2 protein chains.
Amino acid sequence: MIRLDSTAPRFAADFTALVNARREADSDVSRDVAMIVGSVREQGDAALHAFTSKFDRHDLNATGWRIERSATRAALDSLDPELRAALELARDRITTYHEKQRPADSDTTDAHGVRTGARWNAVDAAGLYVPGGRAAYPSSLLMNVIPAQVAGVERIVMVTPTPDGEVNPLVLAAAELAGIGEIWRVGGAQAIAALAYGTDRIAPVDVICGPGNAWVAEAKRQLYGVVGIDMVAGPSEIVVVADGRNDPEWIAADLLSQSEHDPTSQSILLTDDAAFADAVADAVDRQIGELSTAEVARRAWDANGAIIVVPSLDDTIPLVNRLAPEHLELAVDDPQGLFAQVRHAGSVFLGRHTPEAVGDYVAGPNHVLPTGRRARFASGLSVLDFMKRTSFLALDPAGLAAIGPAAVALATAEGLPAHAKSVSIRLPTSP
Amino acid sequence: MIRLDSTAPRFAADFTALVNARREADSDVSRDVAMIVGSVREQGDAALHAFTSKFDRHDLNATGWRIERSATRAALDSLDPELRAALELARDRITTYHEKQRPADSDTTDAHGVRTGARWNAVDAAGLYVPGGRAAYPSSLLMNVIPAQVAGVERIVMVTPTPDGEVNPLVLAAAELAGIGEIWRVGGAQAIAALAYGTDRIAPVDVICGPGNAWVAEAKRQLYGVVGIDMVAGPSEIVVVADGRNDPEWIAADLLSQSEHDPTSQSILLTDDAAFADAVADAVDRQIGELSTAEVARRAWDANGAIIVVPSLDDTIPLVNRLAPEHLELAVDDPQGLFAQVRHAGSVFLGRHTPEAVGDYVAGPNHVLPTGRRARFASGLSVLDFMKRTSFLALDPAGLAAIGPAAVALATAEGLPAHAKSVSIRLPTSP
């Protein structure tokens, strides 16, 4: 953890270093991924079988290529009732929130009789990657599949690795609760390639979403353009803006809820109260020891944690906008004034009683958010990621007469005579 | 040009081959681009100077790094009045169309007192690539810059190569008309890298848009994630659905307006009238000879043109949706019935008096559209490409009490105790 004071002479340089720090593991996976993608494109299911044997240590022909509906039904039936109720609450609230994201079509006719507009359609098929093992989160499954369902995607395909052939019952239960009927037992870059290009067994999709390890992320990046993807994801982060009137134990828990995700996760406290900063730092150190995730949380906090003391809370705003954090908590009595000045953040949590973790699960907004300063230009996952817009234009002879000559002039100036002719040939005075 | 009959036994295979044909040049530019991007990232302006000397054959320190406002003003002042009026009509109509794309914020409080919503902001800075030489189109400049302006982007930077130091007066006039004040005389992958990472002279941007050659496109693809990009662009295409009651000369001109762009461009006619198909083919052959762009148009039509005869116009719909064309003309009396069945197309031109070229220039909808079947999942350029959404959440103690326990249950099941604690510590019954 580093501690900075925004009035110190070196602060500008230290903060810039914090902003620019690359937390990504610098492993060179791109060549491996290109090889895997190429193999799946050329050899299809045979490559899937071989890579699954190698990386997940099971024989797809023995374990089965698909996870059948009977298995997901059984997982949901045997789910703890409290957990089932929690998942149902999450599903319903996430659905309600995302239904407001459905875009409106437009259709306008102007004074010349020129009709223009736009119509939105869902993609035909979406692929959802669900990690295996420790990072297999039923909450992520819901956050990814619900926007696609609200968009109206007809075919939703899930792929998930089952290392050593073992499935994760909680994930299967969530899949059943979400109504996912097509689940393939494949993972890694090979699963992404199969979704993008299709194989004999797995029909291709149009958009691929969902979290994954570095290989999965790199495969999505390489196949962006062949298919649509949700985003380029990186390590996760939280910035907490808090005055001295918070309970340091609450804020420490918030910081640790980010740190426990991954050693690359980043938690930053911005406060105008140096004594409160000390108290939070102490509380973090004490709480870490109580966590079953202590090892990860300690590595993340030690390497990437930061506490920055500023003269006044208004001074946090330029810092927040430079950091463009995935998650931002504004733990003050009246957060609205600060929030109005925030330009770049994935999701904002307002007030003292809004821990970020509620947003991870049940509040409604999506928890798939832009990381690594990408909130400067990117948004969280939404219904729009599973839809696309077709613009349209309709002219009658009068409308063409009104605006066609300008098109002829520009096409001619650009040296495109067939463009000009396709318009002029339809004009009444055309030679 | 290939001619297909949808009732022929081999049609399914032939059509699939047409859909899957890769028109992209198979050049391996990715290594060169990676090298250029790396050099600019490390050496900044020195790399820009060296690559400009090498590729554009002029010395930036002699010609000047920027194109000054005085030069763009002079270009606009000396522009032909008819062209100026055409550009102004285009600018105003494009602006009016894109103003309807501004997204609405949301802010809702539910029965538990849980407040959720989303707020849109423009990105801080956008970079616009404008090609030099033959493909320098003022219309493209307007189509790229106006959505950014309507979005409210404060800083808009244009980069454009000036081969041998020569500028394109029409592009400079359009830049002045659009009010672009920051123009750098650099192009190629090196310009994209400079916009993404910044140099001493050029501050970095958040989103990069605009057309370019294979190097530019590959640089944008490689830097996607560091910045936002408009899209992965490929060769352009048009599909024309026409009955036999069209003038074959009109439809031939429409097909050629696509073919004249580039040898990789594709034009496809779908019709239910074999005699009309013959007449169009004849008209294309005759009109090509009249074009100053004949050489390009002939190469494109010979290599990638297609005429497909179907039993009825309804049979064109599945073919259109497989092709997911960038441009689609529905040249029939009542296009609305066909249009309702189109799921995948970038932009649709309805009726006999709506040549696609009007949409390229002055109608209002954007001409930057998904190519190469990407309309399956992608949309044309819009105001949304220059904005991003911040979701938000606000809970009071009652709201947290209502939904918090479900978050605690899910966090615990997922093995994330700090997530659970950050919620439970704020609940009244917390231990």
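Using N, Cα and C of the backbone, Cβ positions are placed for all residues, glycine too.
The Cβ of B:GLU326 (active site, proton acceptor) has 29 neighbouring Cβ atoms from other residues within 10 Å, across all protein chains displayed. Sequence annotations record features per position, and here TrEMBL assigns active site, proton acceptor to B:GLU326 (among others).
The feature active site, proton acceptor is assigned by TrEMBL to B:HIS327 (among others). The Cβ of B:HIS327 (active site, proton acceptor) lies under 8 Å from the Cβ of B:SER236, B:GLU237, B:ILE238, B:VAL239, B:GLN258, B:ALA345, B:GLY346, B:SER347, B:PHE349, B:GLU356, B:GLY359, B:LEU369, each of which sits 6+ residues away along the same chain. Annotation note: B:HIS327 (active site, proton acceptor) sits in a strand segment as assigned by DSSP.
Contacts of B:TYR129 (NAD(+) binding site) defined by a Cβ separation under 8 A and a same-chain sequence distance of 6+ are given as B:MET158, B:VAL159, B:THR160, B:GLY187, B:ALA191, B:ILE192, B:LEU195, B:ILE208, B:CYS209, B:GLY210, B:PRO211, B:GLY212, B:VAL216, in order along the sequence. In the three-state DSSP classification, B:TYR129 (NAD(+) binding site) falls within a strand. For B:TYR129, B:GLN190, B:ASN213, the entry in TrEMBL reads NAD(+) binding site.
DSSP assigns B:SER236 (substrate binding site) to coil in the three-state reduction, outside any helix or strand. The substrate binding site annotation in TrEMBL covers B:SER236, B:GLN258, B:HIS261, B:HIS327, B:ASP360, B:GLU414, B:HIS419.
Sequence annotations record features per position, and here TrEMBL assigns Zn(2+) binding site to B:GLN258, B:HIS261, B:ASP360, B:HIS419.
Under 8 angstroms separates the C-beta of B:ASP360, B:GLU414, B:HIS419 from a C-beta of chain A, among the binding-site residues B:GLN190, B:SER236, B:ASP360, B:GLU414, B:HIS419. Counting other Cβ atoms within 10 Å of each Cβ, the lowest count among the binding-site residues B:GLN190, B:SER236, B:GLN258 belongs to B:SER236. Across the structure, B:HIS261 (substrate binding site) and B:ASN213 (NAD(+) binding site) are spaced 13 Å apart at their Cα atoms. Fewest Cβ neighbours within 10 Å among the binding-site residues B:HIS261, B:HIS419: that distinction goes to B:HIS261. Pairwise Cα distances among B:TYR129, B:GLN190, B:ASN213, which the record gives as the binders of NAD(+), peak at 13 Å.
Cβ contacts within 10 Å of B:GLU414 (substrate binding site), excluding its own Cβ and spanning all protein chains shown: 20. Across the fold, the C-alpha of B:GLU326 (active site, proton acceptor) and the C-alpha of B:ASP360 (substrate binding site) stand 12 Å from each other. Same-chain residues that are not part of B:TYR129, B:GLN190, B:ASN213 yet have a Cβ within 8 Å of the Cβ center of the NAD(+) site turn out to be B:PRO131, B:VAL159, B:PRO161, B:GLY187, B:GLY188, B:ALA189, B:ALA191, B:ILE192, B:GLY212, B:TRP215, B:VAL216, B:ALA219. When the alpha carbons of B:GLU414 (substrate binding site) and B:GLN190 (NAD(+) binding site) are compared, the span between them is 45 angstrom.
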